[in-house]
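Here is what Swiss-Prot says about this protein:
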type	residues	note
ACT_SITE	K63	active site, proton donor
BINDING	D12, K34, 61-70, T125, R187, Q196, 216-217	substrate binding site
Amino acid sequence: MRKYYPIIVALDFPEEKRALEIAEKLVPYIKNFKVGLELFSVAGPHIVKALKEMGTNVFIDLKLFDIPNTVVRTLDRLLALEPFMVTLHILGGEEMLRESVKLVSQYKESNKTEYPYLLGVTVLTSFNEETLRRSWGISRSLPEQVLFLAQLAQETGLDGVIASPWEIELLRNNLKRPMLIVTPGIRLTKEKTDDQQRIMTPREALERGSDYLVIGRPITQSPDPYEVIQNIRSQIEDIVESRL
């Protein structure tokens, strides 16, 4: 059983060496790390294995989105890496979701484990309502679209969803059953400084009901990542203790 701690450090780097250097510095304090599309495309399964050798929990965030057969076969290969979490796009549709859930459920049963958590991506945190309409042609408001997709994720059996901090309360108040909510778009201040549109501080996101916080650049691009981690821990420690 993994001890719960809500911070996941996103290793969003274009090279394996830099990612592992950061992980080595932080692993005494943080055990959860995210490997996204950029890093995985460079380092492949080796980066996941290297991180796991450090004793970490690895979130493989590839946001799978393809025909059901392709997604299931890809998931099957990712499961061999024993990830902590895996993502796919809810927009991939009901059949893709159900087939993915079936495979992951069989894996969990066979291996007597509750991991990986299978998570569905709702609406990317770089999107706003104008982007939603112009890029996807969807007339729902952004919160309505997030809720619609989260409900589909729940109906098809996913463990949780990826959603911005702005939609946490909406999901907590409207989903029929509790689901994991994993939250990107976490920044140490409310000031917008990059491509993330819907952001929030770590404490605010946890107070609203997020289970896990994905934090990348504020930690990994800091001159002193350890200091940033300690600052975040001091802000949220009482909330974490109440959940243990």
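Note: Cβ is positioned from N, Cα and C throughout, glycine not excepted.
Structure with Swiss-Prot features highlighted.
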residue : record                    : Cβ neighbours (10 Å)
D12     : substrate binding site    : 18
L62     : substrate binding site    : 17
K63     : active site, proton donor : 17
F65     : substrate binding site    : 16
P68     : substrate binding site    : 16
T125    : substrate binding site    : 23
G216    : substrate binding site    : 19
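In the three-state DSSP scheme, P68 (substrate binding site) is classed as helix. Each residue contributes its Cα atom, and for K63 (active site, proton donor) and T125 (substrate binding site) these two points are 13 Å apart. According to DSSP, L62 (substrate binding site) sits within a strand segment.
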